[in-house]
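Novice: Here it is: the structure, laid out below.
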């Protein structure tokens with residue numbers, strides 16, 4: 001039953017997120033006057049189609065619910081100005097970021113459970129201990145080294161993303177804490193003391209800041225009005241995106257582990273688990289995967305949107321389009337790279353789910 005639940009939750013996630021991604025391409029193409037021949041939800045044998053007129057877009061539902069695709073008129077697309085072609089390509093990933101904002105806005109507007117930003121006593125061999133953090137301190141404000149004023153911190157969830165941002169960028173920060181005696185003071189984390197990212201260490205563990213989850217935890221509900229929710233959701237999507245990009249780059253620079261790369265099995269497992277917890281948990285999961293899908297498609301590899309944007313950048317700088325012959329060669333390279341990443345992700349999935 002758990003396997004079936006995970007599979008269904010995975011297929012819903014994949015179908016929704018990929019279809020919305022493709023709808024971004026579709027919408028941008030229509031705005032730019034490019035003829036769209038077909039919009040399909042799913043792949044394989046066609047189950048259902050609808051076409052208002054012979055010259056309009058054919059809408060289709062196909063048998064394999066593994067995403068979807070948009071088929072444009074090639075001549076209509078290639079005849080567009082460079083900026084229009086780039087806009088159409090970039091609209092897919094952009095749609096995923098917008099969808100993530102929508103999902104998180106719904107969460108924050110409906111009310112989400114939060115853990116207080118009260119901290120436990122840090123271990124002695126951590127940056128937090130050296131900086132002067134004590135058990136029972138509650139973080140109420142945050143200021144990066146370049147900021148003029150403190151930003152309010154209301155929960156551990158909010159603080160955790162700020163910490164991840166600081167650690168992945170190796171930037172110092174200042175915490176405003178309220179001690180167990182009710183005294184408010186500043187705790188400085190200097191840039192030179194920040195933990196160095198390595199593949200085999202947990203940077204947050206080396207930092208030493210952890211929430212106090214001893215009973216009673218004091219979980220509270222964070223519920224925002226719609227405009228506040230949009231602002232917080234947009235900020236959260238930006239934070240997650242920048243942190244994810246840094247971690248992705250870290251894989252190639254040796255600062256992050258390739259074990260962090262997850263594939264369809266891990267996604268399906270998480271989809272099933274979050275769906276069983278409740279709709280809010282599943283919606284948060286969808287937001288995270290939507291962001292990941294947007295970032296993945298911006299990687300400058302042929303066969304991905306980022307690869308096409310790389311071609312467009314070359315055309316902008318050189319004044320010439322990348323020839324079809326060169327594109328065909330690069331397509332093979334891109335396919336090989338994606339195949340390697342897929343195999344690596346599946347290996348990590350199997351190791352994580354079945355061999356641990």
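Glycine too: its Cβ is placed from the backbone N, Cα and C atoms.
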Novice: I'm validating the feature mapping. Which of 262-281, 282-301 is tagged transmembrane segment in TrEMBL?
Specialist: 282-301
Novice: Within the domain 'Peptidase M50' (9-341) only, compute the mean pLDDT.
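Specialist: Averaging the confidence scores along the domain 'Peptidase M50' (9-341) gives 88.
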